[in-house]
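K.L.:
OK, Swiss-Prot features for this one:
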- Cys116-Cys225: disulfide bond (DISULFID)
- Cys116: active site, nucleophile (ACT_SITE)
- His142: site 'Interaction with tRNA' (SITE)
- Cys225: active site, cysteine persulfide intermediate (ACT_SITE)
- Gln368: site 'Interaction with tRNA' (SITE)
Amino acid sequence: MLKTLKDKKLENCSSINNKSKKQKHIVVGLSGGVDSSLSAALLMEDGWKVEGLTLWLMKGEGSCCSEGLVDAAGLCEDLGIQHNILDSRVIFEREVIKKTTEGYESGYTPLPCSMCNKNVKFEEMLKFVIKQKEFTYIATGHYARVIKSSCEHINNSENFQFKDFLLLRGADRNKDQSYFLYSLSQEVLSRLILPLGDLKKEETRKEALRLGLRTAKKPESQDLCLVEHYGSMQKFIDNHVKTKNGEIKHINGKTLGTHNGIQHFTIGQRKGLGIAWPEPLYVESLDKQKNIVYVANKNDLLKREAIIKEVNWVSIEAPIKEIEVEAQIRYRSEPVKGILVPLKSKDNLTKRFKLIFEDNQSSVTPGQAAVFYKGEILLGGGLISEFSKK
């Protein structure tokens, strides 16, 4: 049966509870993998009327998405549910392929999964549900949780202005995917069910085997869909980003070599620089205007501050004064303490914030997401646009 939160204090706060499942239609986003497959099966077992929805994202036959479509269709046939396919290739091309390309051309290291979640996956699912009318909720196989902010057991010692629904980390910290969901809206959260939020990965496999799902033994995907489609991120870059030769310089100004495009480098990179130096050097920054890759010693990668743009406050109202947060600046990194300071713009809207780390951080990478937490609650997040020295 579908689990709610293991923390009994929060059990009645789950967005699953108190929603009458009788005659409630739910659309499950199916990728063809075990996580989304199990989500659909568990919801059915728990009494929901389920249909599957697969987004057709990639152009060309034989792509990862084509394989996913086949697996998702087979799963729906096994479960005896309707399988819907939504052609989202145009919007995916515009919002993910194009913007990822532009990011690399600008000297950033983009985060395609975040782009897809923000502008494609959840928006397309929401539009589908609203258009069909008989559907009420959407579900995915993400390892994260949604609860109601009215829960009396929520700790709000900082007096945040909580919105109606809160996004929480998944119970399995090793699989937690909330980092990629920071851009979701309250409209999405109000309809979103995450059946795997309280499961560990090993439990997912066991449940899939128990239910006899065809995807139960399917290998877990370790790559972005772009990587699976093109073979590697390098091949994607070669296919989409124009090459422009430039210099590799030490931050002291000495020219050490040349490169064939800043898109081939990312902050903190050590391998593949093709330069000689008495000690290891790392990519310290990328200057798009001058087309220069700057390298430095490891200690020079440490940064004290970063500017975060396009901030979305998913669980709280935008703060008007500085707040203390736990910031996660890479998917697999541990959150670090910091202070977030609002920066006013010309239109007096606060979409940019200065993040001041308690301890200097290495490899602060423009284009990646900085996501802000308070304990298990994801407050919001945005994109790293620039950083300052120690």
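Glycine residues also receive a Cβ, built from the backbone N, Cα and C atoms like all the rest.
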K.L.:
Rounded to a whole number, how many Å is the Cα of Cys116 (disulfide bond) away from the Cα of His142 (site 'Interaction with tRNA')?
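P.N.:
Their Cα atoms are separated by 14 Å.
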K.L.:
Near Gln368 (site 'Interaction with tRNA'), which residues of its chain come within a Cβ-Cβ distance under 8 Å, counting only those 6 or more away in sequence?
P.N.:
Thr109, Leu111, Ile329, Arg330, Leu383, Ile384
K.L.:
Let me know the most crowded of the disulfide-bonded residues, choosing from Cys116, Cys225 and counting other Cβ atoms within 10 Å.
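P.N.:
Result for the most crowded candidate: Cys116.
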K.L.:
Let's check the environment of His142 (site 'Interaction with tRNA'): how many other CB atoms sit within 10 Å of its CB?
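P.N.:
Counting Cβ neighbours of His142 (site 'Interaction with tRNA') within 10 Å gives 24.
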